[in-house]
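**Q** Quick paste of what TrEMBL says about this protein:
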BINDING   37, 42, 119, 124  Zn(2+) binding site
């Protein structure tokens, strides 16, 4: 399977490379539907009626705030980019060790990126179909889910908004 740790590969390095890839994919996928995800159409960041997300980055915004989906996703993508650009967290030079808290930071990034997938599936799936991006979205999400499940990077409870889809996408491959 494409998500398994290659022989001789460092786990942190593998998680880092894939986290960057998923960030880029989700950024691109979300970019195609920004015309449909507006302050008016998405006044709260949600994944269906039961799941609402409030933003906090722990630095600039310590107490979670309720905001529109486009604002939340902007905060999120900016925050993730800042993490990825931080050489102490995501070292780009060979031989520079990852920090002790790397896996914890990667898990937070992936948990938050999942929320963008969940928002797209719940709130914007019709435009995805109109734009003929369904196969691309499903392939990207399926790869993401297999990866986070392989390394236990997102708590099952966090995946609840897309549990049915996850079961459908992963059942025939296991």
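Cβ from N, Cα, C; glycine included.
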**Q** Give me the count of other Cβ atoms within 10 A of the Cβ belonging to residue 42 (Zn(2+) binding site).
**A** 19
**Q** Same-chain residues six or more away whose CB lies under 8 A from the CB of residue 119 (Zn(2+) binding site)?
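**A** Result: 37, 42, 45, 46, 47, 69, 73.
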**Q** Taking the centroid of the Cβ atoms of 37, 42, 119, 124 as the Zn(2+) site, which other residues of that chain lie with their Cβ within 8 Å of it, listed in sequence order?
**A** 33, 36, 41, 69, 70, 73, 120, 123
**Q** To see if you understand the setup: which same-chain residues, six or more apart in sequence, place their Cβ under 8 Å from that of residue 124 (Zn(2+) binding site)?
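**A** For residue 124 (Zn(2+) binding site), the qualifying residues are 33, 36, 37.
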